[in-house]
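> What Swiss-Prot shows for this protein is this:
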type	residues	note
DOMAIN	52-352	domain 'Helicase ATP-binding'
BINDING	Trp99, Gln100, Thr101, Gly102, Thr103, Gly104, Lys105, Ser106	ATP binding site
MOTIF	281-284	motif 'DEAH box'
DOMAIN	524-724	domain 'Helicase C-terminal'
Amino acid sequence: MAYPELDAADFLQQLARRKEFKSLISPPVDQKELIRDLRAHFVQIGGPGCEKGGRAFFPCDPYASPFPSIKGLQLHNAQLFVQNFQNPNTPYSRLLLNWQTGTGKSIAAIAIARQFMNHYMNFIENAPWIFVVGFTRAIIQTEMLRRPELGFVSYKEVAELHRLLHIAKQSGSTTSVESRHLNGFVSTLKRRLTDRNRGGFFQFYGYKEFASKLFNITSKGEEKNFDVLSLFHRSDEAEDTLNENDISQFVQKISEAETNGLIRVNQKIMEQLRGGLLIADEIHNVYNIQERNNYGIALQYVLDAFPPHQAPRAVFMSATPVTGSVMEYVDLLNLLVPRHELPNGQPLQRQQLFDSSGHSVKWKKDALALVERLSTGRVSFLLDTNTNFYPERIFAGKMLSYKDEKLPYLHFIECPMSEYQLETLKQLGPDPKISSNAYSIYDMVFPNPKFSKQTEPKAYGLFNSTETPTALSMASTDWLLENGVQIIEPSRRAPFNVSGSFLSLQPPTHISGLAFYSGKYTQMMKDILSIIRQGRGKILIYHNRVRMSGVLILQEILQSNGILNEVSSPVGTTRCSICAAIRDDHTHSDHQFIPVRFTILHSEIEPAVRERSLALFNASSNLEGHQLRILIGSKVIVEGLNFQAVRYEMIMSLPLDIPRLIQVFGRVVRKNSHMELPPSERNVTIYLYVSTTPDGGPELAKYAQKLKEYILIQEGDKALRKHAIDGFTNQIKIDKPMLESLPLSPSITPANVGATVLNTFEAYGYGEQEVKTISNIIISLFMARPVWTYSELWKAVSTPKLIQGITIDNKLFSEDNFALALISLCYSKNQCKELWIQNRLCTIMHVPAKPEHLYVAAVLNHKKEPVLDIETYIRDFQPPTMHSIRITKYLEHSQTKEPFQVLYEKFQKDFQDEPMEQVLIHYPASFHYTMLEALIIDNLAGMGALVEVYKKFFIAFSKKDIQPFPDIFKIISHVPGDDNTLVGYATEDSVRLITSREDKTWHEIPLYMLNINVKRKENDIVIGYMESKGKALKFKIRPPIQVLKKNEITDIRMLNRGAVCETRGREEQQKIANQLGISLNLTKISAIKLCLLIRNNLLQKEMEARNQPNGMQDGIRWFYLFNDKMPSLVHTS
């Protein structure tokens, strides 16, 4: 066997010596030394002193990164390691990726899968399948379809996908033509992954779906209420625990149940998995003791049902493989280690690893050594806190003690319970046990209708989720008013919730406010206001629950203290996102009032709505949080969701355990999550709130208990990782104590790896991959420096970390492979490798010279021939192109659209004598957006009348228009031109402001920052708008939204969404015209002309409404123009 077997005494040593693994030891390099290397090779392209460091070959940016880089996705060393380890050429059957959150587990799994797919493509028939199972399967699919480097889509298809995504977003509707185009395109790409006739090898399942499709309960089984779990769990125990006497027989038991006609195993799935690959994400979910399910049973069955040589290979992924209980190690190891390699060939049982007495559990003697032995060669472990890529994690607060014992790792914001909370807690007795329906006591209590005044002696609050809704719902109206409580109308998503001034920091004098009912939430609100006053930065608030004291009440607390949801309009008590002052008291002259807004994510919100809110929160235009400052999330955010540029995380309740708490931290501390922020702001401050009493309190006791359990889990984690396959490559990252890991000293270190072994490197094609890597490095070096000698180039290529993103050990590169890479890039008459270098189309030329041959980045002329002379690297020989105005990213997609140049010529011809306002309704959005950018960037002559129309409708903005908004004016103040110079225009979602005409760069701000309200009230008569119908734009009308909402529609087909005006009945057309005040003899006018009159009248009224004082904020809506977002019309009854 070319690779060592796992049971070899020196397995890790043999593995580490092979070049495909040894080269992934990232050599330590001092930053100052690295800058010296850059300057020695004259390739510093940015940073202080870059012109000198780069010999001024090309313009450089002193504020940019100094390192040349390779465009596109580059697998990091850990991803390359597992790709090389778990592939068809190695004998290793199962692997756990135990990687810190945000380090690229999904990309690693896809890279592994790609190797197997390439192998399966050589099968003539009965090729196996790759199964991807998990709650985050959609994320993995998304990664596959947005990364052309992974080999599932082309660069052109990714560009088309981005274009369709943008157009669909601009349409504002999930049922629009644009959205249907997008969905169709995505479906086509996804079918390529799963349809064998199209070259697909993948099957995607959720855990529940996989288990239910694998085990089909027959009608006989349903009659007998058969449950697959009954084969594996004792029915006579209170807790759901594995029946260890039966688990070793579970394959046989399934067969018996199948013979008895109770169950039918899906043989199609079994055959697809035979010799295939199984990828299971967030593997801890399949055996979590606290959440009973049959997910793990299904996985265990498909892994154990085959003979070893036919069983599927498996890749498991989790940042926290053991969560709810340390005893889950038994279940993890049974999945990770093939049955025949376990002790005595039988599944592990808990008594083999643990001593338990009551609720006390501890590791048995030698149990950790057994974990070390069984996990050798089956675990990849990665921690990464490199602040070049990850934000710094800062914990606010202090460490606390419980019963004189210091709690390890965590810092807390201590929140003493209010007197009312303490009085309520007394009702549970001296040593309270908090049941699952009493969790609100940790956070707050609610007013109790049993007491007319909550301040009277011995009064106590409500907290039980069964009793509280009933008691408050039955309270009298007078009591509710007296105590500042408002019952929110129940809905499917929120059967019960309350609001009112009792949640305010500053309630009316006769009402007890938030501080009376919750010390924790009072401190949270104070911290939020303090953060806002300190400056910019987005905030994520986490609570494990939705109802009672969970995210729904947090939403009401924010609203009761002047913070708006996504759609509400500001009022006098609304707070400013910049200074936290309320609107009525906002006297700051240095900034405009911008309301603080929040959004909310929980499992009962529709996925499409969650995705939209998340996208807005993460958008680059919301980097400072001025569109959405705060996101409140429940446990739905713990896995699979990523948040960008969050500066503050507030954790209001402990998730089920400490490993899940680590997952919550990982939502906001992710690789490159803060790269758009200045370096000084690339950090996340974490606030961990805990309610306390004079003797500690039940919530602190809960943390103390979970931390004790976590210490046991950490001991198991350390044993699991002791012989990690890549420990020797990650030594400097894993040898420090931290919350995620005890300090770990790998059994193999970089210093004792030994001599390099090349046999598998050369046999399995890694040399070809090295040639590709070197080629990419060469191209990057030529982008920084246009002329090299052979020896200079080889020295630069073999210098570690000279290229950003390449962290392998370049010193192990073969010079033969370097020569091959260089030859493959050099120009020949039969082959021209085209490169874009500093926006010039170039190729690399080999120039024979003495004493040493030169290699030059030569510019290509219009015939694609290299032009080589002393100034070749600065001469710009680009192929001649027709001059045309730039088509912007707002160009809408439709095969029937005419090119802009054609429409432009038509516009010049048609509107010589016509009212210029008509241009707004005769041309599509693509024309207008392109025209607007041409007016702003190219300053087209003879367009004064059109500019005035755009300005009258508040579509285009001059410097003068922006001056009343000082903070915004700073963005464009440097742009050349007088007060009347156009500097921006409005789209459906934002205002685009030009920042550089030369570079064609733009800055986007929300519409509301220029007092543009996208949800102006509609008039009570009729609404007009234009819609594309083939090449034509059709005028359509519909009733106003408020009229639609009043109508009781029982059949969704009768919902009046709008129709072409000419198709309306004559009576309806005349009625609308009369209501609009069109005073003509309508009986003698054709339907077409009547609709033209209605259209022009609505357009005129729209212009007049917009030009009223504050018209773009409060004016009545009559007509939706090309850049207006139409409201979604849906049936809600």
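Cβ atoms are placed via backbone N, Cα and C, with glycine included.
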> Within 8 Å of the Cβ centroid of the ATP site residues Trp99, Gln100, Thr101, Gly102, Thr103, Gly104, Lys105, Ser106, which other residues of the same chain have their Cβ?
Ala319, Leu382, Lys671
> Short question: which residues 6 or more past the ends of the motif 'DEAH box' (281-284) have a Cβ under 8 Å from it?
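For the motif 'DEAH box' (281-284), the sequence-distant neighbours (Cβ-Cβ under 8 Å, at least 6 residues beyond its ends) are 96, 105-106, 109, 132-137, 140, 316-318, 320-323, 328, 332, 335, 639-640, 659.
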> In three-state terms from DSSP, label Thr103 (ATP binding site) for me.
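SS state of Thr103 (ATP binding site) = coil.
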> So if I draw a 10 Å sphere around the Cβ of Ser106 (ATP binding site), how many other Cβ atoms end up inside it?
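Counting Cβ neighbours of Ser106 (ATP binding site) within 10 Å gives 22.
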> When the pLDDT values for the domain 'Helicase ATP-binding' (52-352) are averaged, what is the result?
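Per the prediction, mean pLDDT sits at 85 for the domain 'Helicase ATP-binding' (52-352).
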> Summarise the motif 'DEAH box' (281-284) by DSSP state, stating how many residues are helix, strand and coil.
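Helix, strand, coil within the motif 'DEAH box' (281-284): 2 helix, 0 strand, 2 coil.
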> Can you count the other CB atoms that lie within 10 A of the CB of Gly104 (ATP binding site)?
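Gly104 (ATP binding site) is surrounded by 22 other Cβ atoms within 10 Å.
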> Provide the number of Cβ atoms within 10 Å of the Cβ of Thr101 (ATP binding site), excluding the reference atom itself.
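Step by step: centre on the Cβ of Thr101 (ATP binding site), count other Cβ atoms within 10 Å, giving 22.
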